[in-house]
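Data block below; observations after.
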Amino acid sequence: MSRAALLVLADGRFPAGGHAHSGGAEEAVRTGRITDAASLESFCRGRLHTAGLVAAALAAAAALGCDPAALDAAADARTPSPALRTAARRLGRQLMRAARATWPGLELDAVAREFPRGVHQPVVLGLAARAAGLGAADAAHCAVYESVGGPATATVRLLSLDPFDATAVLARLAPEMDRTADTAVSAAHRVRKGGPDELPAASAPLLEIGAEAHAARPVRLFAS
Amino acid sequence: MHLDHSLPLPAPAVGADAHRPGGARRALRVGLGGPVGSGKTATVAALCRVLRDELSLAVVTNDIYTREDAEFLLREAVLPPERITAVETGACPHTAIRDDISANLEAVEDLEDAVGPLDLVLVESGGDNLTATFSRGLVDAQIFVIDVAGGDDIPRKGGPGVTTADLLVVNKTDLAPYVGSDLARMAADAKAARAELPVVLQSLRSEEGVRDVADWIRARVAAWTA
């Protein structure tokens, strides 16, 4: 693997549309669940161990070469909110575009052709990691980092939170991110033998409910 | 899934390819940027009214935190609703038009798929600062719209929008006497900042309205399809 390629893929400036999404942070801010750095940390911890873990396992399994269509269906089954499913596919499509331009290859082309409306973003993340010559652990680390990095950046904009405090939250979560990524990679290896039912199905009902409320709001800064 | 490389359909385009996946030439894409309140949406609406009977066109808006601009265009009924798409920008229109254009590329391609073939797609940025320009990966040409009420020193201050846009529009010239703006000075400063690049001074309330900008776009479309 190339450590530098991992940095390219994990960079928040990687042009795949993430900047327009808050990972549920905007709705949590609006409903008073995120008010400061401490509550941001709680929110991020919850997201990491639920949506983050599932995303990381999907990404790791895709990076191992598991069937993207089966993983996409498994992601649907683990995402009750239609708004979140739509957002995940839209982001998947955007990431697919960026990945194909960055690491051109037949495998990405074939998935783009097969699914012109996009597959869930974590699945594409795993395929992108694969195209970049990265492994399952790299894909899982990208996914867990994204699962908390997005909300932290969004909260800086939404609450004018001190950016140093927000970054310190991410740093404090780093050991948990590593452990979550490890759990996800173990699950991904099981998926290779036992199929997508081996994927974790940790859910965060408030994130799903909040996503539906957010999608219905006429005024918002972030798409999700 | 099967990875069958012999499928007839090519994969979707990745960047600013001038052709659609089927091989046909895609629409010309023109970006409109500029500060808040300078009249970008009003200019887009006027362009739609003037051009919609001679060109097949669609609009993508990039609002900052609402769908206001798209809804204004819908309310004014300048185009059928299926020809107007709003892109959400996460508080940063300049990111969505320059640094990470993926959502806008999806939007313009979806419009071509849904209502195409199109001759022209207007991509409007949310109001932003003087450095906000469009990526060449997203648009083929860009218009920067400023207005006389925003201060007549803006052309002199320059910035990438004023100095590098393919067309600079100084809007709301009818307001100049009321806000103490010196139109001649604005025109001279703009010319000095832009060398050979064109400048249009317009008032959408005048009889000429958006005529000069529409003529500039017609010439661009003619060159694109030639």
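Cβ atoms here come from the backbone N, Cα and C positions, even for glycine.
According to TrEMBL, the feature region 'Disordered' maps to B:1-20.
Per TrEMBL, domain 'CobW/HypB/UreG nucleotide-binding' is recorded for B:30-200.
What TrEMBL records for B:GLY34, B:PRO35, B:VAL36, B:GLY37, B:SER38, B:GLY39, B:LYS40, B:THR41 is GTP binding site. Around the Cβ of B:SER38 (GTP binding site), 24 further Cβ atoms fall within 10 Å across all displayed protein chains.
Under 8 Å, Cβ to Cβ, and six or more positions away along its own chain, B:VAL36 (GTP binding site) finds B:GLY126, B:GLY127, B:ASP128. DSSP gives B:GLY39 (GTP binding site) a coil state; it is part of no helix or strand. Cβ atoms within 8 Å of the centroid of the Cβ atoms of B:GLY34, B:PRO35, B:VAL36, B:GLY37, B:SER38, B:GLY39, B:LYS40, B:THR41 (the GTP site) belong to the same-chain residues B:GLY127, B:VAL145, B:ILE146, B:ASP147, B:ASN171, site residues excluded. Model confidence over the domain 'CobW/HypB/UreG nucleotide-binding' (B:30-200) is summarised by a mean pLDDT of 92. Long-range Cβ neighbours of B:LYS40 (GTP binding site) (same chain, at least 6 residues apart, Cβ-Cβ under 8 Å): B:LEU32, B:GLY33, B:GLY34, B:ASP69, B:GLU124, B:SER125, B:GLY127, B:VAL145.
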